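Worksheet: the structure to be examined is printed underneath.
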Amino acid sequence: MDDQATRPTAATSPVLVIAGLTGSGKTLAIQQLEQLGYTGLEGIPPDQAVYLIEAIRPRHPALAVSLNLHTPEYREQFLAFDRWRQAQGIPFLFLEARPLVLLNRLSAHRRPHPHRPGLGLLEAIEQEVRDLAPVRERCTHLLDTSELNSQQLRQQLQALVHGIPQPLNLRLVSFGFKYGAPPDANLLFDVRFLPNPFFQPHLRHLTGQDPPLQEFLFADPVTQSTYRQIFSLVQAFWPHYRAERRPHLTVAIGCTGGQHRSVALVERLAEDLRPWAVPTDNPALPALNIQVQHRHLLDSQRELEARFGPPPPAAGVEQQQVRIPLAGVPAPPHD
């Protein structure tokens with residue numbers, strides 16, 4: 001991709017060029033941009049794009065051009081067009097989505113894939129990803145539409161054309177490997193090597209949300225070291241996802257059943273990332289919209305009760321949150 005320090009922005013250019021994978025939402029993006037005041041041109045071969053842009057933009061304050069890159073000839077023409085685009089300082093948005101998402105979207109149309117009509121649908125999708133990889137590398141803005149509906153796509157485009165930074169939707173998921181890992185995880189951590197509260201009878205029926213279990217787990221040096229490394233990686237990675245205008249980042253942490261260790265680490269991670277969570281007084285600052293999901297917590301609890309019976313009655317004493325400080329991890333802000 002173009003260097004971020006020198007890339008042109010849609011907020012300062014009257015023209016926006018769009019390309020992307022079939023099914024990623026190029027047509028919908030043009031429609032949404034037209035509602036934002038743009039004149040839209042769709043399916044333009046690269047060798048015609050320069051002429052059309054130069055002919056139309058003097059009469060239109062904002063112009064969005066979606067390129068047709070389905071044939072090898074068009075992809076060869078793109079290189080010459082892109083040299084002109086860069087010289088003009090025109091931003092270039094590339095739309096993509098995960099292959100299985102594209103498969104589901106395109107299956108509803110029940111027609112051959114326009115990129116490689118002779119191939120099976122999934123095979124054609126995977127081939128298009130490979131064919132357009134050099135095009136993707138030249139974009140100034142990258143948008144993954146896998147989890148966007150039309151309204152969310154409009155919000156992302158509106159933020160793009162107005163130069164408004166958007167919060168990254170950071171989804172923190174705990175899960176149990178015995179039930180299956182989440183298929184949409186961007187970062188996945190296996191913490192089954194940590195001390196297992198299941199083998200502590202007084203902790204077995206608790207969850208990673210309970211302070212006694214958290215205290216037991218985070219008193220262990222290996223847990224502390226593991227958590228620090230997970231926190232450091234997530235803290236280092238999420239700004240780059242946001243800089244590339246990816247709307248979502250899913251971080252999954254798994255243990256055996258998804259009740260104890262993974263839940264405790266996800267809860268702690270959400271707490272420690274709070275200083276970067278929205279709302280923020282300065283919209284230009286990096287910001288997160290943190291969502292927590294304990295994917296298999298109830299499944300594990302039901303299975304545990306079926307095996308060992310219901311949990312013992314609570315002692316009736318309110319549990320106090322115990323937070324063991326860890327070096328290299330910031331303390332949460334005071335409310």
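Yeah, the Cβs are placed from backbone N, Cα and C, and that goes for glycine too.
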I'm validating the feature mapping. Which of 186-215, 306-335 is tagged region 'Disordered' in Swiss-Prot?
306-335
Using DSSP and collapsing to three states, where does G25 (ATP binding site) fall: helix, strand or coil?
coil
Sorted by sequence, non-G20, L21, T22, G23, S24, G25, K26, T27 residues with Cβ within 8 Å of centre, ATP:
L95, E96, A97, L102, T145
Where's the emptiest Cβ shell within 10 Å among the binding-site residues S24, T27?
T27
